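Worksheet: one structure, shown below.
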Amino acid sequence: MAGSVLENIQSVLQKTWVREFLAEFLSTYVLMVFGLGSVAHMVLGERLGSYLGVNLGFGFGVTMGIHVAGGISGAHMNAAVTFTNCALGRMAWKKFPIYVLGQFLGSFLAAATTYLIFYGAINHYAGGELLVTGPKSTANIFATYLPEHMTLWRGFVDEVFVTGMLQLCIFAITDKLNSPALQGTEPLMIGILVCVLGVSLGMNTGYAINPSRDLPPRFFTFIAGWGKKVFSAGNNWWWVPVVAPLLGAYLGGIVYLGLIHAGIPPQGS
């Protein structure tokens, strides 16, 4: 009986769509634990964290996530990247919900894990209050929020541009016909790319550049006690890190494929 159950489980786990779902789930979980943990250090730890540390946390979190699942699903860990690959015909649309569901669940669980790990520090920092805005806010550990110097639509354009740069450079790093990263170094190079985007272009919006990075942790804070303000803050900013990266990644992909990839002669020609 036990053997039969194990065989059934093994049979299910060998299905391609199941393996891809689990790969996106686990790789996104790894990315987000490192990323959110680094933000928690910056927000809660006074001198124990820094903005550079946040960029390193997310950058090398991406690297580790690709090592975890790159050979199975490609380790997108980003609904905007998945959307772009589907929209540009590089993967089937039927994979889109499988990938995104895995990413969202992994990100949500990572937010819950971060909350449990830093529960004491979060409560101590704000005197037991769960604040979305203000100098003692802690919701920004989990999701991005629009700063005072930015308007909603400037933030939208910012997210479109930065995500476009992300997707353009990912295509360049992985383009075997151009000048790709050395074999085996792609995870490191993409991680460095994320870090560079953060230190050069991340100030305005916190460079969400990923619906899977922003929306699930935001929803976690909503149900964990921060309340409805996580969606209403910043003139209802919440939808921008969901929609703008989809548009930005698509445009960045088109720019690279149209201006660079299409002009590369086939190998052997």
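A Cβ is built for glycine as well, from the same backbone N, Cα and C atoms used for every other residue.
Positions annotated as intramembrane segment by Swiss-Prot, on the basis of similarity to another entry: 74-87, 206-219. Swiss-Prot lists S4 with the feature phosphoserine. Per Swiss-Prot, site 'Selectivity filter' is recorded for F58, Y207, R213, and the stated evidence type is similarity to another entry. According to Swiss-Prot, the feature site 'Important for permeability to glycerol' maps to Y119. According to Swiss-Prot, the topological domain 'Cytoplasmic' annotation covers 1-20, 70-73, 88-95, 173-184, 260-269. Taken from Swiss-Prot, the feature topological domain 'Extracellular' applies to 39-51, 117-151, 202-205, 220-237. The transmembrane segment annotation in Swiss-Prot covers 21-38, 52-69, 96-116, 152-172, 185-201, 238-259.
Sequence-distant neighbours of Y207 (site 'Selectivity filter'): residues of the same chain at least 6 apart with a C-beta under 8 Å from its C-beta are T144, E159, V162, L197, G198, L201. The two recorded residues, S4 (phosphoserine) and F58 (site 'Selectivity filter'), show a Cα separation of 42 Å. Same-chain residues lying 6 or more positions outside the transmembrane segment (96-116) and placing a CB less than 8 Å from one of its CB atoms are 17, 20-29, 31-33, 36-37, 40, 73, 76-79, 82-83, 86, 122, 141-142, 212-213, 215-217, 219-221, 224. Within its own chain, the transmembrane segment (52-69) is flanked in space by residues 23-24, 26-28, 30-35, 37-39, 41-42, 75, 77, 186-188, 190-196, 198-199, 202, which lie at least six positions past its ends and keep a Cβ under 8 Å from the stretch. If you take the Cα of Y119 (site 'Important for permeability to glycerol') and the Cα of F58 (site 'Selectivity filter'), they are about 21 angstrom apart, rounded to a whole number. Across the topological domain 'Cytoplasmic' (173-184), the model assigns an average pLDDT of 94.
Between the C-alpha atoms of F58 (site 'Selectivity filter') and R213 (site 'Selectivity filter'), the distance comes to 10 Å. Residue counts for the topological domain 'Cytoplasmic' (88-95) under DSSP, split into helix (H, G, I), strand (E, B) and coil, are 3 helix, 0 strand, 5 coil.
Counting only residues at least six positions away in the same chain, the Cβ atoms of L31, M32, G35, N78, S107, P241 sit under 8 Å from the Cβ of R213 (site 'Selectivity filter'). When Cβ atoms from all protein chains are considered, those within 10 Å of Y119 (site 'Important for permeability to glycerol') total 10, not counting its own. A simple Cβ count within 10 Å picks out one of the recorded positions S4, F58 as the most packed, and that one is F58.
With DSSP states grouped into helix (H, G, I), strand (E, B) and coil, the topological domain 'Cytoplasmic' (1-20) comes out at 17 helix, 0 strand, 3 coil.
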